[in-house]
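Student: Could you have a look at this structure, given as structure tokens, before my questions?
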Amino acid sequence: MEKPGMSLLKGSLCVIVFLLLLSLVESVKGGGYVKYGTEAKVVPGKLNVHLVPHSHDDVGWLKTVDQYYVGSNNRIQNACVRNVLDSVVDSLLRDPNRKFVFAEMAFFTRWWEEQSPERQEQVRRLVKSGQLEFVNGGWAMNDEATCHYIDMIDQTTKGHRFIKQQFNTTPRAAWQIDPFGHSSVQAYLLGAELGLDSVHFARIDYQDREKRKAEKSLEVIWRGSKTLDSSSQIFTNIFFVHYGPPTGFHYEVTDDYVPLQDNPRFDGYNIKEAVNDFVNASLVYANVSRGNHVMWTMGDDFQYQFAESWFRQMDRLIHYVNKDGRVNALYSTPSLYVDAKNVANVTWPLKTHDFFPYADRAYAYWTGYFTSRPALKRYVRALSGYYMAARQLEFLVGKNSGGPNTYSLGDALGIAQHHDAVTGTAKQHVTNDYMKRLALGASEAEAVVNSALACLMNKAPKGGCTKPAIAFSQQCSLMNISYCPSTEETLPGQKSLILVAYNSLGWNRTEIIRIPVNDAGLSVEDSSGNTLDAQYIPMDNVTSNLRSFYTKAYLGISSLQRPKYWLVFKAKVPPLGWNTFFISKASAQGSNNHKHSSVMLSPMNNTTEIGPGNLKMVFSSDSGRLERMYNSRTGADIKVDQNYFWYASNVGDAKDPQVSGAYIFRPNGSLAYPVSSSKICTVTSAFIGNGNVQSKLQIVRGPLIDEVHQQFSPWVAQVVRLYKEKEHAEFEFTIGPISVGKGHLTGKEIITRMVTDMTTAKEFYTDSNGRDFLKRVRDNRTDWHLEVNEPIAGNYYPLNLGMYIKDEKAELSVLVDRATGGASIKDGEIELMLHRRTSMDDSRGVEESLVETVCVNDTCAGLTIRGNYYVSINKVGEGGRWRRETGQEIYSPLLMAFAHENKEKWKASNTVKGYAMDHLYTLPQNIALITLEELDLGNVLLRLAHLYEAGEDSDYSKIAKVELKKLFSGKMIKEVTEMSLSANQEKVKMKEKMKWKVEGEAEQPSSPLRGGPVDKSTLVVELGPMEIRTFVVQFYQKQRRRKLFVG
């Protein structure tokens, strides 16, 4: 019998089952194929959300370049750039509306070479259609704090010319999304002057970002150059947060993301929620932007290894968001985005100056990397100058298609500019790989140099030069620690040591050459047979000990005999030319014009003055430290105390857990500790052979150089040199191994500090990538009111050329030999950070502490650094000339090659002095020749740079002229074509720069002083202040080898 209500229940169940079946039928009907509408374009009057797919692919960081490309060593990081490019191209070919941007040509060229002709043609079509866009287009995404502008230009040129040759296109957008702060030179020189329309990046100070969000000033018109002003301005897009998409819209295949589920048959159907989330996130972006366009960066580090995981989701987003209609979503690129911004006719805020220093939050200033891994930074800078000289010589003799060339060094240097390479922020094994690449490239370039010099000097060949009769021995890359076998050898029989010095600058130069020798009875002659004044300086123990350890560590050899002396002499070398010097055993009858230096170990006076020339320095005999500098010619005179200190690295404190590491500089308080007590250590004589004499201050005097040797602590030593014909002091420092303790002393950051009596009102000046100088004000930012939470680290700035302070009477200038950090923490002070050793990781991704060691067998020690900085004092307004000219000499030292041969035999078969230019011509003192490189078909890339800013010097901040006929006097010039900075397009064919409305300004473009067009008959190039001009020069090919003037 049926219970009451049972029939009613059965009827209800039937209805429910029926409804469920009906729902299932409808679900099946809605779960079929969907053609997604991805063809969206900009819609006027609507909020347009530009989706820009990208993959940020570091050219080395946690893995080496090759490991990142092929996808090996994935236990460290799952990343394979080959997979990214393979996968992206496949995805782009599936839908003509999809787009993608790629930046790093060091990776793309590797991939390109592996592709079939058919695949290459597919990619060319993708580029032509705008689906694949190259952004930046350099060899790497260069750093902006630790790179020299010449390196930045070179690596960009390398990538841009590849893109032009293979795709006949030119990048339009700078894509500097990850560097840790942004320089004014990157904006105006590697942006506007390249012909780019915009620059895009993520990292700015957290305080600056919040203010810009509130003011809707994340997008600005940036004028990075005071001299070039609005003529080199560029539209700048600062991202809302990082360079990834908004939260919830990240779709890498290996990530745990929620996919867009538009099939109602499946659990998790979420299209309505996804569209709402998209619209809401878009409005958040719109609320901090001007106009009706916002950009979403759809990608992150090494993303798109399975590109469909991204594109499938973005296809759905675009389709359903646009069906919803509240906002418009579209595939886009930075160029399309900026085109839309430009058409919108909005008025934009103005930005000047730069974006340094960068802090991503309170107590976390990214100013440590300005100095991290100083040995790598020096190697990069030294090889940069060498690369410039090697390419000049390669051009002078003509490229040897089958022999060694400079390509490998250019490739290694291009990679080294990456923002985790020269910065010193990669893992140790990756840093080792960077160094190895540089060393291999340098070795091949050295073969080019030796062969080219031998060829140029050889009198025999009339046409080309196949195999020169002479062979130079290995050049001496470890000369700074006195290791140079060519100069140390006992001269055999009637042979002399032949030293050929090449000058890559366009000016005559006089330099002091120092070589290690063992023989005290040598004579030096120049190419004219004149016996030169020279000076012997006894070899110091610090250098000898360095030599013993590092030749064993680097070369695997035990140097039994250490050289006893430095032989020092004055060398005059013509511009773009060479001179030969003959070091021979002196005859018993004649004078060798050589003076042995006098060594004074314990001065009896209260003070000791040194200086064989106009610049004098006064040292305290009691403390052993510098007290005063003055120039007897100019009258500039300051009191100055110089010492070495260390900051204790912070290991986290009550304020914040942030520690000091490879990226972050965070000292444990504001106190810097002297490396010794108030006085310099009393130590055993600094020189070999002087027994155990104790002294605080040890003086070397001679006709060419005076030196002061100081030992500040067992691990910090210094030599100060004053030259007879130079008006600056050279400080050679030796720092390390840095000892660290436990607990709160687990890291030390070493500085040198100069304390003067100058009144500087918080102001100091630092260079931007070796180019412009920018005014800095302590505890101040030009764009916002700074909340000071790190008074030391927050006042450090990057240096590539140097810094200076000034008051009403004088300027004190310091130039550096590598990228480093500098500051003026108190009025009248300059400090440079020279070395760092931190024992904790700073939680920015590298997951290693900054501890560099060098091992011999099983004995390891912390890395010792040796380097130089250069100091000058001048009357106010007169220091610019010294900074510019000396800066060029530091960047481009004399290139030296060695051989052993009979002097007369050498003279008979070789041109001992030669000039590539007209022998009566030099470049103007305000012009630098920064590129002279043979391209294909004998064409030559020529790049000239004006060295001065407007108003920097009364004589040199003017139009300067270069006569190309005299520069290339040995060849007949057929045609001169002015190019863009990266030589990827003719200057006259560059598209007109975008015009922008700027707040508070009428539309009146500035007219900086620039050079005019090159007259085809006179071939004279004009350059205005801060102008760089690039040309491709063609010659009539009558002779392969350059005609040279002989001295």
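Glycine is no exception: its Cβ is also placed from the backbone N, Cα and C atoms.
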Student: According to Swiss-Prot, HIS56, ASP58, HIS419 bind Zn(2+); identify which of ASP178, ASP533, ASP540 is listed for that same site.
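Tutor: Answer per Swiss-Prot: ASP178.
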Student: Which one of ASN168, ASN857 gets the tag N-linked glycosylation site in Swiss-Prot?
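Tutor: Cross-referencing ASN168, ASN857 with Swiss-Prot, N-linked glycosylation site lands on ASN857.
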Student: Do you know offhand how many angstrom separate CYS484 (disulfide bond) and ASN280 (N-linked glycosylation site) by C-alpha?
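Tutor: Rounded to a whole number, the Cα-Cα distance is 68 Å.
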Student: Are there any residues in the same chain, six or more apart in sequence, whose C-beta is under 8 angstroms from the C-beta of HIS419 (Zn(2+) binding site), and if so which?
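Tutor: Counting only residues 6 or more apart in sequence, the Cβ neighbours of HIS419 (Zn(2+) binding site) under 8 Å are ASP58, ALA140, MET141, ASN142, ASP143, GLU144, ASP178, PRO179, PHE180, THR425.
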Student: In terms of DSSP three-state secondary structure, what is the assignment for CYS855 (disulfide bond)?
Tutor: strand
Student: Measuring Cα to Cα, how many Å separate ASN605 (N-linked glycosylation site) from ASN287 (N-linked glycosylation site)?
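Tutor: Approximately 72 Å lies between the Cα of ASN605 (N-linked glycosylation site) and that of ASN287 (N-linked glycosylation site).
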Student: Compare the C-alpha of CYS855 (disulfide bond) with the C-alpha of each of the glycosylation sites ASN345, ASN508, ASN668, ASN780, and give the closest one.
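Tutor: Closest by Cα distance to CYS855 (disulfide bond) among the glycosylation sites ASN345, ASN508, ASN668, ASN780: ASN668.
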Student: Looking only at C-alpha atoms, tell me how far ASN345 (N-linked glycosylation site) is from ASN668 (N-linked glycosylation site), rounded to the nearest Å.
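Tutor: On Cα coordinates alone, these residues lie 50 Å apart.
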Student: For the recorded Zn(2+) site formed by HIS56, ASP58, ASP178, HIS419, which further same-chain residues have Cβ atoms within 8 Å of the site's Cβ center?
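Tutor: Apart from HIS56, ASP58, ASP178, HIS419, the close residues are ASP57, TRP61, MET141, ILE177, PRO179, ASP301, HIS418, ASP420.
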Student: What does the structure give for the C-alpha distance between CYS860 (disulfide bond) and ASN541 (N-linked glycosylation site)? Integer Å is fine.
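Tutor: About 21 Å separate the Cα atoms of these two residues.
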